[in-house]
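So the structure is just underneath, and the comments pick up after that.
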Amino acid sequence: MADHDNTLLRVDGVSLRFGGVKALSDVNFDVRKGELFSLIGPNGAGKTSMLNCISGRYRPTEGKIEWRGNDLLKHSINDRANLGIGRTFQNLALFSHMSVLDNILVGRHHRLKNNFLTGMAYWVGGARREELNERRYVETIIDFLEIQHVRNESAGILSYGLRKRVELARAMAIEPELILLDEPMAGMNLEEKEDMARFILALREEFAMTIMMIEHDMGVVVDLSDRVAVLDFGRVIAAGQPEDVLADEHVKKAYLGEDDEMLHALAEEQERASA
Amino acid sequence: MAHVPNPRPTGDFRVSYAADRTLFKTKNETYFVIGGILLVALAPLFFGGYVLSQLILIGIYAIAALGLNVLTGMTGQISLGHGAFFGFGAFASAWIAGNGIPVMLAIPLAGMMTMAVGMIFGIPAARLKGLYLAIATLASQYILQDFFARADWFTGGTYGSLAETASFFGYALDSDASYLYLVLFWVIVSFVGVANLARTRDGRALVAVRDHYLSAEIMGINLTKYRILSFGISSFFAGIGGALYGHYLGFVSAEGFTILLSIEFLAMIIIGGLGSVSGSLLGAAFILLLPQAMEIFANAVATVVPAIAQGTAYIKQMSVGAAIILFLVLEPEGLVHRWRMMRASWKLYPFSH
């Protein structure tokens, strides 16, 4: 893959094996600063596994992941926020007994300095000032995502669409350079999807974030993405402009399930590996 | 999770972030708490030894229960060893005070010692969760109990150790009335401290670890650190409670700090309300007063039905058990939740929302 000065994240030859199952094999792609990069593919293709490798949940069996030219894999998961990587989850992962406000404030964790001692003292030692300052930024996110009316509700009682939005808010609170969105539109109705698409575009325009997104809704992917990579059986089978990629024969067949030599070969290899 | 309506009265709008993050949600809540503190502070004027000793014990157990609530309620880690940490605090404070350090200093020092011990026993929490962690903390209970029996230099072994009387600038706190103020001071410090913790960075981190540790980690929260820190904070309050207990009785012996006490602490926070600061106090009062209330109840029954006069002791024990079971069935979210619902219902009357 060509070198770009503005490459933010580079995935280089990443393979991931669980026992005999090859979830990813030799995956290469890069995400450039300021773009909206989509990772698509049929169910079970390894998209979320790839995202988990980037966010640190899984450790690739082989290969490198570079963040701004430095090795990302040597960092622990809780370093990701400091490095400037945030993510949302496919299945909701909010702190369901906390208020929406506190959920978003957790996203500010790595920026806050007060600890359990100064926190307990609250009025002396600056915790109060710091907490109230952070509140300002959190409120801009709340305004932006239009969730003012639920800010004091427990996250667990909200509707699905709202919870998705709160999750996005929490990831935004990290102020990441790269935000990883795992199926931000899943399970939403048309109106909610349109809202979410608007938010995602604004993330880039107003908050200057680079976005890497996994999404099944092809309309959304084509309309929003700058570049797309398609995974199938743990391999990148196509990458490039969304229109070109979707016109690719292999991609069509991967989605439609038609006979295809390359996909056959991949499936066979997968079977051999798991046998 | 049940929905609790906003307790603020109509028209009470907060126009600054500071006003929105106050310690108490409403003005009445503030008055209520200040009134409660004043009542306890004035109690020695009106009540004798029995009521005062109950107030002192409730305060002491409430501090320790509050500690367990940080660990179990906020962070979601069950501990079956809290009673042993409570005991360690009692012995530590007696030992420190026995070495010539004033009791007033020995109490917080004992809290810190217990905190260190708690963090060491909390290390398994880095790897274990749920029931497995509970069993690991059970081990800490037994190890500490064994330590109490064997470490003669520290605990006086099987004989126990004497805990000096606390004194405040030469004025000995040897009566219930004077000791009450020492306990009240620590109750206020502990409860305000934990209430503050709950609205700042590390408190949120603890709850985040409980609710969803995977996403907590990606938010930059170091799971191991916070799991062990939670043991530390919890043990600190157990140690403070234990130290106050030791100096109150004047004598510390290992018999009281068994697994039974640990389970009683768990009962306090479950009945009071898991994760709730004020619930720790309510739960401690409930568990302490329930057997006495039930004794009065059993004796009253015995006067009406003389045939059971022989069995009042059993009736008392059974009613305690029945009350706890009924409580868990009817109000699984604790006394605090019941109180919030009551408050909401009279605020909103005659409407339901």
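Note: Cβ is positioned from N, Cα and C throughout, glycine not excepted.
What TrEMBL records for B:30-47 (among others) is transmembrane segment.
According to TrEMBL, the transmembrane segment annotation covers B:53-71 (among others).
TrEMBL lists B:78-97 (among others) with the feature transmembrane segment. Tertiary neighbourhood of the transmembrane segment (B:78-97): same-chain residues 64, 67-68, 71-72, 103, 105-107, 109-111, 113-114, 117-118, 121, 130-131, 133-135, 137-141, 144-145, 148, 154-155, 161-164, 231, 234-235, 238-243, 245-247, 252, 254, 256-266, selected by CB-CB distance under 8 Å and a gap of 6+ residues from either end.
For B:103-123 (among others), the entry in TrEMBL reads transmembrane segment.
Sequence annotations record features per position, and here TrEMBL assigns transmembrane segment to B:130-149 (among others).
Taken from TrEMBL, the feature transmembrane segment covers B:179-198 (among others). Long-range Cβ contacts of the transmembrane segment (B:179-198) within its own chain (Cβ-Cβ under 8 Å, at least 6 residues beyond either end) map to 23, 37, 40-41, 43-44, 52, 55-56, 59-60, 62-63, 66-67, 69-70, 74, 107, 166, 168, 173, 204, 207, 233, 237, 240, 244, 247-248, 277-278, 280-281.
For B:228-245 (among others), the entry in TrEMBL reads transmembrane segment.
Note on the transmembrane segment (B:265-289): residues 54, 57-58, 61-62, 64-66, 68-69, 72-74, 78-80, 82-83, 86, 187, 191, 194-195, 198, 207, 324, 327-328, 333-337, 339 of its chain, located 6 or more positions outside it, place their CB under 8 angstroms from a CB of the stretch. Taken from TrEMBL, the feature transmembrane segment applies to B:265-289 (among others).
The annotation transmembrane segment is assigned in TrEMBL to B:296-315 (among others).
For B:321-339 (among others), the entry in TrEMBL reads transmembrane segment.
For the transmembrane segment (B:103-123), the residues of the chain that approach it from at least six positions outside its boundaries are 81, 85, 88-90, 92-93, 96-97, 137, 140, 143-144, 164-168, 186, 227-240, 242-244, 247, judged by C-beta separation under 8 angstroms. Listed stretches B:30-47, B:53-71, B:130-149, B:321-339 were compared with the transmembrane segment (B:228-245); the greatest number of C-beta pairs under 8 angstroms is found for B:53-71.
For the transmembrane segment (B:321-339), same-chain residues at least 6 beyond its ends with a Cβ under 8 Å from one of its own Cβ atoms are 2, 4, 267, 270-274, 276, 278-279, 282-283, 286, 290, 294.
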